[in-house]
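Per TrEMBL, these features apply:
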| type | residues | note |
| --- | --- | --- |
| TRANSMEM | 37-55 | transmembrane segment |
| TRANSMEM | 61-84 | transmembrane segment |
| TRANSMEM | 104-126 | transmembrane segment |
| TRANSMEM | 132-154 | transmembrane segment |
| TRANSMEM | 166-185 | transmembrane segment |
| TRANSMEM | 249-267 | transmembrane segment |
| TRANSMEM | 309-329 | transmembrane segment |
| TRANSMEM | 349-367 | transmembrane segment |
| TRANSMEM | 379-397 | transmembrane segment |
| TRANSMEM | 403-423 | transmembrane segment |
| TRANSMEM | 435-453 | transmembrane segment |
| TRANSMEM | 465-484 | transmembrane segment |
């Protein structure tokens with residue numbers, strides 16, 4: 001019998017990304033999926049615990065503080081990490097000292113600016129309690145700036161087995177510190193110090209897990225080269241703030257901290273099932289596409305296969321959240337969160353479409369079109385700006401959710417599809433046909449679960465919720481299998497090819 005240590009070594013060899021690009025990409029995807037399962041699992045558990053202990057106002061206060069920090073971060077993002085990942089050279093050591101030095105300078109400046117803006121931000125949001133919170137979290141940019149730039153190799157070389165250790169360590173630290181302090185203190189300060197502890201862990205782990213040791217140095221040529229690519233990443237970061245945080249800003253400004261807390265939790269729960277998988281895909285496929293970018297046909301084939309596999313999961317996940325949202329909120333989160341139910345359903349529908357965006361973005365970057373993200377996002381911002389204030393004023397957080405979703409579905413998604421068909425030369429009809437399979441299966445799932453919801457009443461709400469989820473999974477799987485066997489859906493074949501790439 002093979003000793004256990006030998007079996008573990010064999011498993012590690014199998015999982016370690018190596019071999020050709022396809023094999024490395026698939027194995028890296030396994031590691032990154034595992035990372036997201038663990039990290040988001042811990043985040044979900046902590047959210048459920050914190051939602052029971054803390055109030056929507058507490059979540060809103062930390063939300064305002066992080067909004068200020070995120071705005072400064074995105075407006076000053078130099079795009080250095082993305083520039084290093086897409087660089088054709090395998091070894092980018094000559095750029096790392098310059099990257100680290102710029103990170104530290106930026107971190108010091110952001111820390112000072114954040115501290116100074118604490119009082120004006122508190123007045124703007126009519127939330128005096130947030131001033132000391134912003135002053136304390138001002139240390140976060142400095143901690144981020146001190147991170148070892150060598151960790152960029154984890155993503156550049158598809159070494160996500162190492163990134164697993166890196167990210168999971170930080171997530172565990174955040175979970176333990178935040179939940180422990182929430183139980184002891186029962187206040188927003190648990191979230192504050194949880195974030196700080198996670199960043200300290202992030203900084204320390206970056207040096208423990210990678211042996212590169214940066215030194216203070218500025219190479220003017222390196223700066224010029226990196227910033228040349230990064231300028232569009234910077235622009236995209238600014239656009240990102242308005243598209244992904246602009247709705248939070250408006251809700252906090254017009255409705256206050258408590259409403260912002262409801263909205264932010266609804267947003268995180270709604271978009272998690274649909275977008276986490278596509279975020280995995282985006283992170284893995286950016287470096288993979290970058291290595292394939294000389295061959296449009298290969299990129300097109302990889303892109304369409306990626307869309308098929310991700311929508312097979314993201315579509316039923318989003319539809320499932322919409323269907324069980326009322327029972328989920330009341331049973332799992334508690335009655336103080338019931339007001340967010342409709343917003344949760346609207347945002348879940350938004351998340352269904354937004355999950356596609358994460359598949360487009362790595363294509364733009366890898367094909368040398370980083371400006372596409374910024375330009376599409378800019379048009380989304382304009383569309384959202386036209387409607388979000390009156391929608392939020394009139395309909396509250398539900399109006400904000402609808403405005404954010406409409407801006408992407410009506411403006412962003414059509415533009416992304418148009419540009420992708422031109423850049424990769426594929427048929428829009430074929431793309432729509434692939435989406436029709438998971439959409440139809442998810443519609444059947446929703447119909448069955450909605451019909452069964454009134455019949456499934458055991459007297460134990462948690463059990464009812466679990467039974468409905470299991471029923472939905474079973475129905476979706478059955479319809480998907482029918483499509484595979486009778487209508488030629490290529491999902492099973494593509495999964496087998498991925499397994500072959502993984503094992504070979």
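Just so you know, glycine gets a Cβ as well, placed from its N, Cα and C.
Contact between the transmembrane segment (349-367) and the transmembrane segment (379-397) does not hold: fewer than three of their C-beta pairs are under 8 Å, each pair 6 or more apart in sequence. Contact between the transmembrane segment (379-397) and the transmembrane segment (249-267) is present: at least three CB pairs lie under 8 Å, with pairs separated by 6 or more positions in sequence. Contact between the transmembrane segment (249-267) and the transmembrane segment (104-126) holds: at least three of their C-beta pairs are under 8 Å, each pair 6 or more apart in sequence.
The stretches the transmembrane segment (465-484) and the transmembrane segment (166-185) do not meet in space: the count of Cβ pairs below 8 angstroms, excluding pairs fewer than 6 apart in sequence, stays at fewer than three. By number of Cβ pairs under 8 Å, the transmembrane segment (166-185) is matched best by 37-55 from the list 37-55, 104-126, 132-154, 435-453.
Taking Cβ pairs closer than 8 Å, the transmembrane segment (403-423) reaches residues 243, 246-247, 296, 303, 346-347, 349-350, 353-354, 356-357, 360, 363-364, 367, 369, 372, 376-377, 379-381, 383-384, 387-388, 391-392, 431 in its own chain, all 6 or more past its ends.
Most Cβ pairs under 8 Å to the transmembrane segment (104-126), among the stretches 37-55, 132-154, 309-329, 435-453, belong to 132-154. Through the fold, the transmembrane segment (309-329) approaches residues 269-270, 273-275, 277-278, 281, 337-338, 340-341, 344-345, 348-349, 351-352, 355-356, 358-359, 434-435, 437-439, 441-443, 445-446, 449-450, 453, 461, 464-465, 468-469, 472-473, 476, 480, 491, 494-495, 498 of its own chain, all at least 6 residues removed from its boundaries and within a Cβ separation under 8 Å. Within its own chain, the transmembrane segment (132-154) is flanked in space by residues 61-62, 64-66, 68-69, 72-73, 80-81, 84-85, 92, 96, 99-100, 103-108, 110-112, 114-115, 117-118, 121-122, 160, 162-163, 166, 188-189, 192, 195-196, 199-200, 202-203, 206-207, 209-214, which lie at least six positions past its ends and keep a Cβ under 8 Å from the stretch. Among residues of the same chain six or more beyond the transmembrane segment (435-453), those with a C-beta under 8 A of the stretch's C-beta atoms are 311-312, 315-316, 318-320, 322-324, 327, 468, 471-472, 475-476, 479-480, 483, 487, 489, 491.
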